Amino acid sequence: MSIGQTFLGLLEASPRHGYELKRVYDERFGQGRPLHYGQVYSTLARLLKSGLVEVDGVEPGAGPERKRYAITAAGVTDVARWLAQPEKPDTYLQNTLYAKVVLGLLTGRDAADILDVQRAEHLRLMRALTRRKADGDLADQLICDFALFHLEADLRWLELTAARLDQLAATLRVPAPHPDRSTP
Amino acid sequence: MTPRRGRFGRVADLALGARLVFAGGRSGVSRTLMTVVGVGLGVALLLTSTSISTMMDGRSERAAARDDQFYGVDEPPPGDRTVLVAVADTVYRDEAIRGRLLQPEGARPPLPPGLTRLPGPGDMVVSPALARLLDSPDGALLRPRLDHRIVGTIADPGLAGPGEYAYYLGTDQLRAGGGTMRIDHFGAESTGEGLDPILMLLVLIIFVVLLLPIAVFIAAAVRFGGEARDRRLAALRLVGADAAMTRRIAAGEALVGAVLGLLAGAAFFLLGRQLVERFTLEGVSVFAGDVRPDPVLAALIVLAVPAVAVVVAQLALRRIVVEPLGVVRRSAGRRRRLWWRLTLPIVGAALLAPLLGGIDQTGAAFNQTQVILGVVLLLVGVAALLPWLVDAVVRRLRGGSVSWQLAIRRLQLDTESSARMVSGVAVAVAGGIALQMLFAGVQHAYVRPTGQDVDRAQAMVVIRAGLPGAAPDALAERFRTLPGVDGAVAVLDTAVFPVGSAPDEHGERPGSPLRIADCAALRELATLDRCADGDAFQVVGEPAPGRPARSLPAPGRSVEIGFGAPGTTTRWTVPAGLRTVPGRNDPAGDESTGLLATPGALAPATLRGLGGRVFLDLDLSRRDTIELVRNAAAGITPTAEVHRLRPTEEVTRFAQIRRALFIGVLATLLLLGASLLVGILEQLRERRRTLAVLVAFGTRRATLSASVLWQTAVPVLLGLALAIVLGTVLGGTLLAMVNQAVRPDWPSIAIMSGIAGAVVLLVTGLSLPALWRLLRPGGLRTE
Amino acid sequence: MTSPTPADDRPLLSAVDLHKAYGSTPALDGATLHLRAGEIVAVMGASGSGKSTLLHCLAGIVPPDAGQVHYRDRELSAMSDAERSALRRTEFGFVFQFGQLVPELSCLENVALPLRLGGTRRRVAEQRAAEWLGRLEVTEVAGHRPGEVSGGQGQRVAVARALVTAPRVLFADEPTGALDSLNGEQVMRLLTEAARHTGAAVVLVTHEPRVAAYADREIVVRDGRTRETVLAER
């Protein structure tokens, strides 16, 4: 899971200060392991250098924590590419998928697209495993089943998430991607 | 648990059951409604049947109250309080009209019931039904016959029923004697003409035959919606009801249906009672007030119906195990035992066996309880044997088309419900067949040949007295000119007495009949080799056994003609050329012994008070002819009688019982058909998922329809077969009881089976739209 | 797993822009699906998404309110009820989630039923049915009634019944929905093997990814609309 792309996504929603970025990240994606300030500023420096973000303004005082960062057009493109890219089906990729869904919503994108794309990718792998299972011996079958059940769990979670999009949208206080699903 | 709390708990369970009846939403209410209507119809029929005896009593009391024909009692002397009465009944379009001529002899004559005063001469008081008939276009042909001034209406107390046709005509032409009676009061003790033992047996069996299927129907009706009830009970067990509570809750549910059904039945009965006055069946109409259930029997119904409902609900629960997670049928795989099923009809037959040959028309009363019990057991045997028979036969069936296979497999899986559905039909048919056999067997005892020769004449006009001496052919001519009358011959009837002969101790003079007619008419009474006007003949005839041969006045003897007092009559000398000729029965079947004379042999113009008979050859294809004849006869005298000649005569009581039976069996079968329909619809609804899948597979609608037909028809056919066997056994037993030859009555078997088959076809036909609705797309969609 | 469709490779069964409402509830709101001969397509979606309705429309059980379903060169809505019934008898086969076997017929008779509906003689039909029971490894339940066999066995009997007429299209609506994993796997393995063996195309309605993984490709129905997701286009 990439901190840089997550920052870009958060910045696309609105320009933020460095410490703000850290707080939002920790809250939404930190899962009890807060970022170090050093990690935050080195990531921001890397993003500045590659032209994906820019400094939007500086508040009175000194120190990097007074700088407000905003995303550039190149940064938006990068986020879009990242969100559209299915993750390689793997165990324990919920963090990434979750981040993608939240960011997709935050940036006003259709999160269902993300889910559909991911489902297709998962199923492609599951089909391959299913075929291998049919041809293989018992050991093969057991291994394939192990993978299949985990992949299915991912997809189940994805389905559930898709079904809960309106709920999620309300929590994030952003308009839902489908007008007919919007909640006041 | 203390007894007090226990009792409270029990009542609470019943109440819970009662509440559940209405808790099932719309489908629950509609199922309850079906039960209520079903039980209600059954109860209404039961109440009606218990009212029949009071209804008949009511009619006979009304009839007795206006009785004016007292035979075997001395007439009162003429006085201030006497009235002369003559019967002037007639028939119009097969409807009987009661008619009376009334002639008061004083200032204070008795009044018949329903009249406030006697009509004056030429005035008429009519029943409301007759008034309507005379006013309507239908009464056009009757109006000339009763062409009198209507001065009033007969009130209800003077009528046997609301639809009765009756009139009282005032007159001043009557003379005592002949058919005219002198009376000083109306009404007699109701003799209540008792039914003889054979008729009693028939009536008893009719009641059993009709009421038994109704009981079966009520038992089926309280089970309407049973599947849903079972599921509901299972749900109750899930939340902690124990088995005993379940039974009490079920009893509570059943009680509600039964009690509401009783109320509905009472309502149906009262409604039907109001309608009864509108109908006249075979000339019989009934006042609503006369239709009163026998109080004892009505109380019995009120107690028995809820009891039956509870018992049936408990029996139904015995067949299933209501478990918290669902209902398990216990019956699956259970083999049906034959022995106890066979015991029922055998015990029934054994009860009837001692009565074999013991009942005849004149005999003493028989043990009614024994007969009823025997018949009931034999008929219940049909219901008991049927599930076994269906099971045994269906298990051996295989092969056939897809629709047949679906139906047979279905029956194999669940014989119980299908057998239960048709057992009522089978019982009704078995009873009907037994009765018809009995009827056919005893028919000749009650239907006797009349000896009437309908090839020679189809109607006879009888005028008792009062014709003046006239040429008989003039009398015939009055009818011969009517359209539709192909021929008419008339005979004038009187008697001759030896001059100066004295009355015997009974007040009768020994005389001989004298019949006056022209040659053509005389040939109807005797076989004549030659005849010309002026001839006279005598027919001696066979003397009755043990009586001396009747002596006719010898030729040349002087006699008096007519019934009048000596001296007022006409003298006549028996012609010397009197020839003895062989007699011949007249078209009405009567022997004409006595003297036969052509008008030329005497001078009829000088005679008075003759009776007359006219034999009419009619064109029966014209229905108005007989009415024209009646009008012409009434034009001669209102007391003239017109008889249709028929080769056989039935006792009318018998005909009424038979009609009642047919109507009763039909009504019963229709009622059973209704419960059959409900059963089929419930089954279809249960199978809706299977049906939807079959449709998805491309099963033709016709295949599924045929399968429903087979599924109903197979048990019905088996039921009919069983009904024919046991019905014939019962009928044979009954015939043997009344000493008649035992033989199956195929026509009635065919008719009864035909009616039952038609009802089943009707029911299946009516269920098809529901089936097709279930087969519409979308059946797969929801459960 | 999408290969570009050659122009001459006409679909066997295709539905274009189907709409269907039950009362005021829309079940299909623009569903499109193309099925090529011999391919297995999974139709996925949440409960109530309209996937079963899509199957019913495709099979000619339910007529759509709008849109067209073509089987080969014939349009289903232009056919009479009798013709559609005949089509379902001869060209299609069906497997449902549960309650599909006629409870009073034995398993063998259930499998023989579609053949007999098509007019095949009883003896021949039951012989073929017995072969199919063998292929689906449920010979031992031939004489049992559906109520007397396990869920997995019942589904395999149902699969045998669906394929006994050698249909061109097999419609399977949640065929493993009422089964545990092991039985579900077994039924799916036998179903897909048998379908590939006879060359039948399969429309497989399921919400389970593991079941959908037996298909060649999947179609997702959401709110009555299909999203034929083709990853390679992105």
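Easy rule for this one: first residue shown is 1, then count along the chain.
Cβ atoms are placed via backbone N, Cα and C, with glycine included.
Model, not experiment: these values are computed from the prediction.
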Pick from B:33-52, B:233-252, B:513-532: which range does TrEMBL record as transmembrane segment?
B:33-52
With DSSP as the reference, give the number of residues of the domain 'ABC3 transporter permease C-terminal' (B:664-768) in helix, strand and coil.
92 helix, 0 strand, 13 coil
In the same chain, who gets a Cβ under 8 Å from the transmembrane segment (B:749-772) while lying at least 6 residues past its ends?
422, 425, 428-429, 432-433, 436, 665-666, 669-670, 672-673, 676-677, 680-681, 684, 691, 701, 704-705, 708-709, 712-713, 716, 720, 723-724, 727-728
Give residue numbers and ranges for long-range contacts of the transmembrane segment (B:419-439): same chain, 6 or more residues beyond its ends, CB-CB under 8 A.
201-202, 205-206, 208-210, 212-213, 216-217, 220, 375, 378-380, 382-383, 386-387, 390-391, 658, 661, 665, 668-669, 672-673, 675-676, 679-680, 712, 715-716, 719-720, 722-724, 726-728, 730-732, 734-735, 738, 744-745, 748-749, 751-753, 756, 759-760
Any chance the transmembrane segment (B:716-737) and the transmembrane segment (B:371-390) are in contact, meaning at least three CB pairs closer than 8 A with a sequence separation of 6+?
yes
Do any residues, 6 or more residues outside the transmembrane segment (B:33-52), come within under 8 Å Cβ-to-Cβ of it, and if so which ones?
207, 210-211, 214-215, 217-218, 220-222, 224-225, 257-258, 260-269, 272, 291-294, 297-298, 301, 305, 309, 667-668, 671, 674-675, 678
Summarise the model's confidence over the domain 'ABC3 transporter permease C-terminal' (B:205-320) as a mean pLDDT value.
79
